[in-house]
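**Student:** I am attaching a structure below and will ask some questions about it afterwards.
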Amino acid sequence: METWQKILQAAITRPGEVTRRFGIDPAPLEAVAAEYPMRINPYYLSLIKEVGDPIWRQAVPSAEELQDSVCPADPLEEENQSPVPNLVHRYPDRVLFLVCSECAMYCRFCTRKRKVGGENMQITRESIEGGLDYIRNHGEIRDVILSGGDPLLLSDEKLDGILKALRAIPHVEIIRIGSRVPVVLPQRITPALVRVLRKYHPLFLNTHFNHPDEITEQAAKACARLADAGIPLGNQSVLLRDVNNDPAVMKRLMQKLLAIRVRPYYLYQADMVRGTNHFRTSVEEGLEIIRALRGHSSGLGVPAYVIDAPGGGGKIPLLPDYLQSLGEEVVLKNYLGETYRYANVAQEVPEERRRVANEQG
């Protein structure tokens, strides 16, 4: 058994095991863990400094999870956009392919909280073959994102088999992996795993750091191993109340990510997922964080702030209003709030469009 497997095997799955360490009553949390599975491996547990800190908030159940009567279980309507089990086809040229039902740590804010780690998410050899067949039969699909659960909890052999099958499909140009393993179980990023991944370029990996305290020496080593194999790394953070909804914390996170060769990609407004409403912040807070990053940190370190639209509408970007007016002169506001003017160029209307407009009116 490899080191990462031993760490995972020793994971805590009941609140009492963690609350005893910190001297608090586990009783209020037992009902939560019965509804929404809990798993905290010893590595991630070691990052908790005190009750209620940003690491604790992400990993340990909270009674607030059962007090949420506002949010739906599947706000993004993934189930309605799944032509075959465990595959979501929302955008024309790409699919989300769920290949593993487990995670190395069950995040309390998970978008798939309704099923990850539970009986509602059954991923079998048949469902994976069904997903591969769907991709084979849809030539418009050029980009496949492996998700779950966490794809990197699959064995090297199983992951190799899925990647090999995808690479054999001529119209699949890009493979992406979404994984929190570099954050919560960096020991999983072994030389053997990297040897598998590097065979299937172009392959991208998006991970999920939410707080600077997650960027440890072990996490940095895992990311370096991936980057050295030529795998571009991106990060998808979620804006979370009392975790990272602070401009200074977010700036430190983004700068530390760049230092370990991980490019900030998305900052998500927290999804409206049942059991997670206590994590949500106002959109104004998110915009203020982007304002605080823009101009005060490298552009490389400013992620796209997005809302994944309820109802399956996809990602919608949100930006502070730097454009004040638009006409012959463009009036702009910079990161310091100073106003500047830019001479616009008259928009040229193609002859065909002008002809159609004249005919219509």
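Note that Cβ sites are derived from N, Cα and C of the backbone, with glycine treated the same way.
According to TrEMBL, the protein carries these features:
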- C103, C107, C110: [4Fe-4S] cluster binding site (BINDING)
- 89-303: domain 'Radical SAM core' (DOMAIN)
- K315: N6-(pyridoxal phosphate)lysine (MOD_RES)
**Student:** Return the member of C103, C107, C110 nearest to K315 (N6-(pyridoxal phosphate)lysine) in space, with distance defined Cα to Cα and candidates limited to these binding-site residues.
**Tutor:** C110
**Student:** What does DSSP say about K315 (N6-(pyridoxal phosphate)lysine): helix, strand or coil?
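**Tutor:** SS state of K315 (N6-(pyridoxal phosphate)lysine) = strand.
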**Student:** Within the same chain, and leaving aside C103, C107, C110, name every residue whose CB is within 8 angstroms of the centroid of the CB atoms belonging to the recorded [4Fe-4S] cluster site, in sequence order.
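**Tutor:** Filtered neighbour residues, in order: M105, Y106, R108, F109, R112, K113, V116, G117, R180.
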**Student:** Counting other Cβ atoms within 10 Å of each residue's Cβ, which of the binding-site residues C103, C107 comes out lowest?
**Tutor:** C107
**Student:** Which one of these recorded positions, C110, K315, has the sparsest Cβ neighbourhood, judged by other Cβ atoms within 10 angstroms?
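**Tutor:** Checked C110, K315; of these recorded positions, fewest Cβ neighbours within 10 Å: K315.
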